[in-house]
Amino acid sequence: MNCCICQFSVRVPKDIHTDTVGHPPVLISELVLQCTRGTNYVLTEESSTICKKCCEKLARYHKSIQIARKLRGEILELIHSPYMSKDHKQTSYKEDDLDRETTISKFDGNIEEAQQQDEEEQELESVGTTVTLVGPAGIVEEVAEEEHTFIIKQSEEEDEFHSVDLELDIDNEIIINEEEAHEVEEVAHEIEEVAHEIEEEDLLPHDKQEAQEEDFFKEDTMSDFDEHLDGAIEYIISDGEDQEQDNESSGEYTVNIQCPSCPEKFSSRRAYNVHTKREHFPGYVCDQCGKTLQSYSGFIGHLQNHEPVKQFACPVCPERFSRKFRLKHHMAWHSGETPYQCDVCSKRFVHKVALYKHKMIHDSETKRLECQVCGFKTRTKAHLERHMRSHTGDKPFACPVCNKRFSQMYNMKAHLREHESPGTNRHRRFHCSKCTHTFINEQNYDAHVQRDDCTPV
């Protein structure tokens, strides 16, 4: 069974339609559909298994969504909460409109007195300075004042006042002619007294209490925000503070990590992680061939060798490859070029990697492993194991077609290619000048020439 996401074989599968992850629990299939929304991915009924790695990624994805939703709610609460008391205050103003009508009615008598000043206001109209008063009866009066203007507007749809402007700065108004301003000074003074009276009555005790409650609410909200912020900062630097307290006398920051599996101690977490992975980590074991790999990327690449999708085809022969660099290396065999030469023994190679590995043969310092039979030295344990098969005669690799056995894997693969496409195993670069024999490697060609047993053409 293969994972429905990474398409690799699953050793301990989970059913995405029945198993859940996260808290609160959610079906794995729902998370898969949520992650792949907007893509061409189709979740079929057959693809019902998922591997452990992909399941852990979906669990982290689900957890991040829950954290994001929680943080969004807290942010929106901080944004909207300070205005809730203000909206409540505006609502209370509307409830007190009837009480204000009684207060504003006191101003109506002054409106009638202002009507008698019609001639004086017409003179003010000529100099272009006006103040508009709209009364309940719809009478429009124009009065000039130097410091305060009281404006009352009556709605055409409702029979109540929406707002009363108590103070209006008129510094930007047109300056009234001093000779004509004194004519309306008395009327403006009366309007100012009424406005001041309304202002005092407007500020009721419960309004003062609401204002105090609003200030208290803002302070309480900010205190909650400060607590969250302090908690986050404390969570981040808690470890550092503990270490600083422990080393306060010395003034230095040190870490002492004890490995639970061995007596080793480390001064940094990075060094501890490297030690654990190199010495105590069992590695990633392939469930098909049993091979152990230390890195996860190497393990994924190894799994692709078992079930490869060979999408890169050779234009010369029927060979296909799962990776592009392997096709590039294969094409070098068709060209017959050997651009890389060893500067010690002058041996030439098709690939640079082959030359690099060959140079290690000449480097005696890297040969730390020695064969106990013939004294052959090598730098890797795998190479020593392959060499030991030449002494033991062990041939663990069998051809699946003819059951012929080989001591090395690459020999078996080369033999198997002959079954699949005879004559196209590899490009035979070495041709005998005396006969029709061709050879893949130079060693076989040299042995053929030295024997001199070929038939002339």
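From the backbone N, Cα and C atoms, a Cβ is placed for every residue, glycine too.
Keep in mind it's a predicted model, so treat the numbers as computed, not measured.
Here is what Swiss-Prot says about this protein:
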type: DOMAIN; residues: 3-84; note: domain 'ZAD'
type: ZN_FING; residues: 257-280; note: zinc finger
type: ZN_FING; residues: 284-306; note: zinc finger
type: ZN_FING; residues: 312-334; note: zinc finger
type: ZN_FING; residues: 340-362; note: zinc finger
type: ZN_FING; residues: 369-391; note: zinc finger
type: ZN_FING; residues: 397-419; note: zinc finger
type: ZN_FING; residues: 430-448; note: zinc finger
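Sequence-distant contacts of the zinc finger (369-391) (same chain, six or more residues past either end, CB-CB distance under 8 Å): 360, 407-408.
Tertiary proximity for the zinc finger (340-362) is limited to same-chain residues at least six positions away from its ends with a CB under 8 Å from its CB atoms, namely 329, 332-333, 379. For the zinc finger (340-362), the model's average pLDDT works out to 84.
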